[in-house]
Amino acid sequence: MLGAALRRCAVAATTWAGPRGHLHSARTPGPAAAIQSVRCYSHGSQETDEEFDARWVTYFNKPDIDAWELRKGINTLVTYDMVPEPKIIDAALRACRRLNDFASTVRILEAVKDKAGPHKEIYPYVIQELRPTLNELGISTPEELGLDKV
C-alpha cells in the first residue's frame with residue numbers, strides 16, 4: 001500500500017499541467033522527493049482517560065520495577081500537561097515504598113503540588129484521596145515535614 005502511494009507521488013511529482021491542460025514531463029526527482037510527498041497520519045485510536053490511568057497504574061505496580069524505571073516513569077508522568085489521578089499517584093507511592101525510596105515519595109507529592117499550579121483546590125483534594133495510603137505507608141507530606149516553608 002505504501003509502495004503504491006509512493007509510485008503515485010512519484011508520477012505526480014514528475015508531471016505537471018501546462019497552461020492548456022496538457023501534461024508535461026518534468027525532471028525525475030530523486031527518491032527522497034517522492035517520500036517527502038507522502039503524508040503519514042496516525043490512524044491509531046486515541047487513548048481514553050481510563051486507559052491512560054490503567055497503563056500508568058500497571059506500570060508502577062510492576063513487581064520487578066527498579067529505581068531507574070520508577071524515576072523514569074515519574075519524570076515522564078510529570079511532563080504531561082495534567083495532574084495525575086490519585087490512583088496513579090497511589091501506585092507510584094507504593095512502588096517507592098517497595099523500593100524504600102522515601103525521597104521519591106516527597107518529590108512526587110511536590111510535583112503534584114507544582115502541577116496543580118494556581119488551582120489551590122487540586123492539591124488538598126489529592127492529599128485527601130491519598131491520606132489512607134500515606135498513613136498506611138508511613139509517608140509524610142512535604143507540609144508535614146516543613147518543606148513548604150523553606
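Easy rule for this one: first residue shown is 1, then count along the chain.
Each Cβ is built from the backbone N, Cα and C atoms, and glycine gets one as well.
Feature annotation from Swiss-Prot assigns transit peptide to 1-41; the stated evidence is similarity to another entry.
If you look up Swiss-Prot, you'll see 2-17 marked as motif 'SIFI-degron', on the strength of similarity to another entry.
The N6-acetyllysine annotation in Swiss-Prot covers Lys87 (among others), and the record cites similarity to another entry as its basis. Taking the Cβ of Lys87 (N6-acetyllysine) as reference, residues of its chain lying under 8 Å away and at least six apart in sequence are, in sequence order, Asp53, Val57.
Long-range C-beta contacts of Lys113 (N6-acetyllysine), restricted to its own chain and to partners at least six residues apart, with a cutoff below 8 Å, comprise Tyr123, Pro142. Per Swiss-Prot, N6-acetyllysine is recorded for Lys113 (among others).
Other Cβ atoms within 10 Å of the Cβ of Thr141 (phosphothreonine) number 18 in total over all chains. Following the DSSP three-state reduction, the secondary structure of Thr141 (phosphothreonine) is coil. For Thr141, the entry in Swiss-Prot reads phosphothreonine, with the evidence type similarity to another entry.
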